[in-house]
Amino acid sequence: FFSCLFRFLLLWSAVLIMYPTSLAVIALTFSNYVLQPVFPNCIPPYNASRILSMVCLLLLTWVNSSSVRWATRIQDIFTAGKLLALALIIIVGFIQIFKGNYEELTPSNAFNFWMTPSVGHLALAFLQGSFAFSGWNFLNYVTEELVDPRRQVNLPRAIFISIPLVTFVYTFTNIAYFTAMSPQELLSSNAVAVTFGEKLLGYFSWVMPVSVALSTFGGINGYLFTSSRLCFSGAREGHLPSLLAMIHVKHCTPIPALLVCCLATLIIMLVGDTYTLINYVSFINYLCYGVTIIGLIVLRWKKPKIFRPIKVNLLIPITYLAFWAFLLIFSLYSEPVVCGVGLIIILTGVPVFFLGVYWRNKPKCVNRLIESMTCWGQKLCFVVYPQGGVAEEEEA
């Protein structure tokens with residue numbers, strides 16, 4: 001019972017809060033960078049930013065609903081463009097360092113705090129900074145889209161290449177920023193890459209907003225692609241309505257799951273203070289990750305003989321768990337309100353679990369209503385349950 005409840009609460013918080021909030025933040029970043037050249041001396045208008053974000057989200061939802069191949073090609077192209085733009089920033093940053101422009105990177109300036117940070121502040125900083133790295137586990141959501149993911153090469157290789165690459169690029173990009181901006185300038189900038197480009201690239205400063213816009217466009221596509229698969233898998237396990245476990249009869253795309261992810265993101269954009277939600281989302285993220293790692297260790301202890309296509313040394317999850325405990329304990333100490341709200345968000349799924357999942361013997365009228373809504377959704381989206389041997393995508 002409790003394992004089923006914990007799985008549902010993780011899915012509940014991920015589908016309705018974590019990934020829609022992340023999608024909303026990336027979409028708003030996209031719109032800010034697109035609109036920044038139009039409004040160079042001020043913050044882009046609130047309504048214009050929201051409308052452009054929604055148009056981008058709806059467009060990519062349509063693309064993901066139409067073809068898996070289109071979605072993956074968009075991801076490949078825009079990821080390559082993103083890396084090229086970041087490489088440009090890093091190269092310019094190194095040129096600045098070779099010219100001697102690294103005052104903000106010297107130890108006396110880099111560790112000159114305007115306030116004395118406590119251990120709780122450091123933990124909270126790690127927690128908030130983790131939002132930028134929150135895509136590290138997304139590859140696991142799309143294993144069904146990979147070619148032979150159970151081989152002991154494909155999935156681990158992708159993870160071992162991508163995580164160090166992202167860490168390297170992210171770190172050196174921030175170093176490059178500090179060759180042109182002080183911490184105060186960086187914090188006050190509404191579009192950091194634009195400010196960096198204006199200071200160092202001259203006539204080519206337009207490259208930065210275009211590059212970041214393309215990067216975030218690909219990021220939205222990636223989030224939609226992975227979060228919809230999580231929703232699809234949860235429905236297949238019986239934790240979400242069965243309609244969400246269906247795919248289009250021709251395109252083999254999880255249209256209902258994509259629509260749910262899109263709708264949840266649109267609602268958060270309209271009614272929520274999106275950037276405030278990042279604090280709550282970061283706490284929920286790490287709480288769920290830690291519980292998942294604990295489950296892995298428990299299974300290794302209780303069921304050591306079961307077949308594991310991919311197996312890592314226990315030192316890795318134990319090290320992660322120690323770091324996780326540090327973050328959570330000191331975050332609870334320094335920001336009890338933020339962490340308390342995060343816990344409340346997770347616990348809102350408890351009554352939903354009892355009504356929707358645990359309560360099996362529902363009245364016939366409720367079952368008939370659910371069946372009719374499922375049938376109506378199937379006709380609207382032209383979807384069915386996936387059959388064994390059906391291809392993931394139509395032939396090109």
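Cβ atoms here come from the backbone N, Cα and C positions, even for glycine.
Keep in mind the model is a prediction, meaning the values are calculated, not measured.
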Annotated range (TrEMBL: transmembrane segment) out of 30-47, 48-65: 48-65
Range from 77-98, 159-180, 200-226, 247-271, 277-300 with the greatest count of C-beta pairs under 8 A to the transmembrane segment (312-334): 277-300
Tertiary contacts of the transmembrane segment (200-226), as residues 6+ beyond its ends and Cβ separation under 8 Å: 19, 22-23, 26-27, 29-30, 33-34, 36-37, 56-57, 60-61, 63-64, 71-72, 74-75, 77-79, 81-82, 84-86, 88-89, 92, 96, 135, 138, 141-142, 180, 191, 193-194, 258, 261-262
Seg_contact(the transmembrane segment (247-271), the transmembrane segment (48-65)) with at least 3 CB pairs under 8 angstroms, min sep 6: yes
Contacting positions for the transmembrane segment (77-98) when only residues 6+ beyond its ends and CB under 8 Å are counted: 105, 169, 172-173, 175-177, 179-180, 193, 196, 200-201, 207-208, 211-212, 214-215, 217-219, 221-222
Surrounding residues of the transmembrane segment (277-300) on its own chain - C-beta under 8 Å, 6+ positions past either end: 3, 6, 10, 13-14, 17-18, 21-22, 24-25, 127-128, 130-131, 134, 137, 268, 306, 314, 317-318, 320-321, 324-325, 327-328, 331, 335, 338-339, 341-343, 345-346
